[in-house]
Ligand SMILES: Nc1ncnc2c1ncn2[C@@H]1O[C@H](COP(=O)(O)OP(=O)(O)OP(=O)(O)O)[C@@H](O)[C@H]1O
């Protein structure tokens with residue numbers, strides 16, 4: 001409990017904590033108003049059943065004389081109106097309080113969702129290799145909401161209900177101590193027993209819901225994402241069944257928790273009726289007179305009328321908080337724990353010493369005895385690799401499948417941090433100038449991610465539409481050999497590519513990726529088998545465009561095809577995580593080397 005509160009405190013900054021404190025005080029006022037409303041019932045019923053009390057009770061005499069009432073009936077009308085006004089004021093205040101409460105907590109939810117999304121986006125690449133996207137999606141969209149609404153909002157509502165119950169309890173105990181104490185033991189005891197019995201069950205249901213939510217997203221993602229393969233293989237039922245099975249688990253879980261919310265209500269209702277009746281008996285046996293009995297009973301009935309939903313809500317809110325607690329642990333862990341040094345060192349480092357936009361890389365990219373192993377792997381994927389790439393040169397990295405080509409490029413891109421050794425660019429450790437590096441490089445992956453957006457927005461990916469330079473887009477399209485195709489489209493740059501680029505051919509998608517990398521006019525261009533999906537003719541056209549960049553840009557190309565690398569200045573051959581050969585363009589041994597390594 002204390003641990004959870006400490007975790008929750010870290011979600012709020014000083015100003016937000018002040019807002020919560022303000023909410024707390026507003027809540028106390030709300031509870032006081034609720035109690036005053038109920039407390040006024042006793043004198044009113046007393047006045048109605050026995051008007052002579054107006055002239056007997058000192059406070060009532062004082063009010064009667066203060067306002068100069070002409071008759072007891074006028075006084076009664078006044079009392080009714082006063083009570084009505086208090087209820088109207090109280091409820092208007094409660095409306096305002098609820099509005100502010102929702103505003104503060106839901107704003108916090110939006111902020112935390114943004115923070116968590118940012119956290120995931122800025123975590124090192126290796127983090128994403130180890131985490132499932134469905135889980136991250138679930139955490140941002142659902143778990144943060146569970147923390148804010150299921151825990152923070154519920155805790156506020158719980159506190160508010162407890163305060164109301166406490167104040168009403170004080171009011172009742174002043175009026176009729178024995179009956180109140182008996183009732184409290186019965187009610188408090190039953191709520192306590194309920195939570196002792198179901199505590200573990202509620203927690204395990206909360207955890208189950210968390211895991212099922214992640215799995216449900218995973219099945220929808222996989223089913224819709226691999227729709228083409230699924231249709232070809234006729235595996236629709238497998239995905240539908242897998243989804244439905246998880247959905248059934250979720251339904252069973254929700255049914256259980258809903259019943260757990262209803263059971264106490266029914267039980268407490270029965271108990272309360274018994275308590276009111278028993279209280280009546282106790283009061284009768286205590287020998288109270290009829291007027292007092294009627295007003296005390298009215299107070300108890302009114303209190304029961306108000307306390308009943310409060311107790312129900314207390315039970316439901318505690319259940320909800322326990323049910324949502326697994327979300328708190330997950331969100332806390334991802335937001336505040338597991339800080340890794342990669343992004344941090346990358347984004348501050350010695351950056352300030354460079355004038356970002358002016359500086360260009362003009363010496364070399366060097367790997368010095370670099371070792372890299374993926375998490376939970378026994379073998380190194382890159383083992384003691386040293387190499388130098390002079391800027392302005394075109395370099396090919398070749399080797400059989402699994403030899404470490406993508407890994408070495410990911411290390412040079414700054415996505416993976418070497419376990420041992422260094423990547424040095426122009427004499428400075430890459431991870432001390434990662435932001436500058438990111439501004440200077442372009443990357444064309446094996447498969448391009450296209451968003452369901454226009455060709456323009458896909459090429460100037462991550463740039464606001466109003467800031468996109470169309471001339472630059474056309475230039476990039478021309479370099480990627482795609483200009484004629486786009487010109488032939490009725491909507492040209494505004495043409496929508498469809499989800500993941502379904503409205504384009506594989507080769508066109510790939511060339512959009514090339515244009516995207518070229519749009520920012522990078523100094524260093526990395527290509528990971530970027531042309532392997534193209535037919536020979538298109539590949540030749542694209543490579544011709546890439547060849548035109550030679551001398552202006554450093555090109556680092558992972559390639560399988562002989563044609564892709566035949567014009568490269570340097571060829572590095574990787575085998576089982578190590579560089580085994582280095583060949584230079586003018587060296588006639590390149591074709592021989594390529595012939596030996598399964599390059600087609
Ligand atoms: N995320 C990962 N987790 C664990 N091991 C990985 C991961 N990615 C790659 N590996 C392992 O690292 C080694 C090198 O992989 P890499 O992708 O760099 O090879 P590659 O030469 O690019 O292969 P290909 O030509 O087939 O793309 C392989 O043995 C692979 O199994």
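Glycine is treated like the rest: Cβ placed from N, Cα and C.
Remember, predicted model here, so these are calculated numbers, not experimental data.
When TrEMBL is compared with the stretches 115-135, 178-198, 199-219, the one noted as transmembrane segment is 178-198. Among the ranges 291-308, 309-326, 327-344, the one that TrEMBL lists as transmembrane segment is 291-308.
When the stretches 20-46, 66-89, 151-172, 178-198 are ranked by Cβ pairs under 8 Å to the transmembrane segment (262-285), first place goes to 178-198.
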